[in-house]
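J.: Here's the feature list from Swiss-Prot:
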- Cys64, Cys67, Cys89, Cys92: Zn(2+) binding site (BINDING)
- 37-52: compositional bias 'Polar residues' (COMPBIAS)
- 29-57: region 'Disordered' (REGION)
- 162-168: motif 'Nuclear localization signal' (MOTIF)
- 62-116: zinc finger (ZN_FING)
Amino acid sequence: MATQDSQGIKLFGKTITFNANITQTIKKEEQQQQQQPELQATTAVRSPSSDLTAEKRPDKIIPCPRCKSMETKFCYFNNYNVNQPRHFCKGCQRYWTAGGALRNVPVGAGRRKSKPPGRVGGFAELLGAATGAVDQVELDALLVEEWRAATASHGGFRHDFPVKRLRCYTDGQSC
């Protein structure tokens, strides 16, 4: 696509000309790039893990800016930026970035909550019969009295479920 002439670079049908200053700066940059690999090779011998230290999590424990607790832990780098390490306080359960503002996360957020224990027992456990404090005779007597009151008010028959009237249509009239 790009071809270089003595006048400049031809790119997409348009010729871009060089000034004398631009060509000199390009030559200087090329010379600096040739010198930099030599410098990088010497620094690599001195500290082979210099690149790894930038990605490594911080070792220093930072106190929480809200509750001043030292029970904090490093979580991750915010937006994958090594200049913004994100921390979590176990005391007040808040996230914050070092040197940044404290996030307003409600207490209890940021941790997995345990599931509530399932109900093992049935009706007797709800009434407190698991302790043995409720007499079965009193419970039976209350149920019998309630049954008798309900049957008396409904003409001798207790309706536990609402009855839906069936409709059958023959010639437009209901049965």
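Cβ coordinates come from backbone N, Cα and C, glycine included.
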J.: Tell me, roughly as an integer, the mean pLDDT over the motif 'Nuclear localization signal' (162-168).
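T.: Averaging the confidence scores along the motif 'Nuclear localization signal' (162-168) gives 64.
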J.: Neighbours of the Zn(2+) site Cys64, Cys67, Cys89, Cys92: Cβ within 8 Å of the Cβ centroid, same chain, sequence order.
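T.: In sequence order, the nearby non-listed residues are Pro65, Arg66, Lys68, Ser69, Glu71, Thr72, Lys90, Gly91, Gln93, Arg94.
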J.: Let me make sure I understand the structure: which of the binding-site residues listed (Cys64, Cys89, Cys92) has the fewest other Cβ atoms within 10 A of its Cβ?
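T.: Fewest other Cβ atoms within 10 Å, among the binding-site residues Cys64, Cys89, Cys92, is found for Cys92.
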J.: Cβ distance under 8 Å to Cys67 (Zn(2+) binding site), same chain, sequence separation 6 or more: which residues?
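T.: Listed in sequence order: Cys89, Gly91, Cys92.
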